[in-house]
Amino acid sequence: MENRWQVMIVWQVDRMRINTWKSLVKYHMHISRKARGWFYRHHFESTHPRISSEVHIPLGEARLVITTYWGLNTGEREWHLGQGVSIEWRLKRYSTQVEPGLADQLIHMHYFDCFSESAIRKAILGRVVRPRCNYPAGHKQVGTLQYLALTALVAPKKIKPPLPSVRKLVEDRWNKPQKTRGHRGSHTMNGH
């Protein structure tokens, strides 16, 4: 019988970022109660030696599973130190991997207050708009003009500590696109 390999995307993340993510998840599960229904599985509850933790986030019938790993091969940089994160969407026996932005949107739609189409209509008519969007990380990069006007009208509340964002967890802070000088003096452009 030959070996079967399963390949999955694991985002390389530094250890401190993973620790921050875990503490934010635990805080919002146990203290603020904004993450009601989430399940945190510790490393000693897993049979896999490389899994450091799992966070199960119910999304209706489906669930999002964010798994953190340790002891992986070290990455390109010395600060990676073999830490990583995978993000999976599961429904019954089906599972697929999702990117961090989509994971944030799924969490946002199910767990946090946000504007709706009716809120935009109410604001245009001059009525009071509630609720505020408490989780702006769950929105796409550029919203509609109405949404942008609404966010200017009703600013989100600053929540301390912030809500856990999967996109922030896997964000690469060190490998920003390198700036190079253009052919006209000091103008800069992305060097790809």
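Using the three backbone atoms N, Cα and C, a Cβ is placed for every residue, glycine included.
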| If you check Swiss-Prot, which stretch out of 32-37, 74-79 is marked region 'Interaction with host APOBEC3F'? | 74-79
| field | Among T96, S165, the most crowded of the modified residues [Cβ within 10 Å] | value | S165
| said: What does the structure give for the C-alpha distance between T96 (phosphothreonine) and H108 (Zn(2+) binding site)? Integer Å is fine. | reply: 19
| Quick one: Cα separation, S165 (phosphoserine) versus H108 (Zn(2+) binding site), in Å? | 10
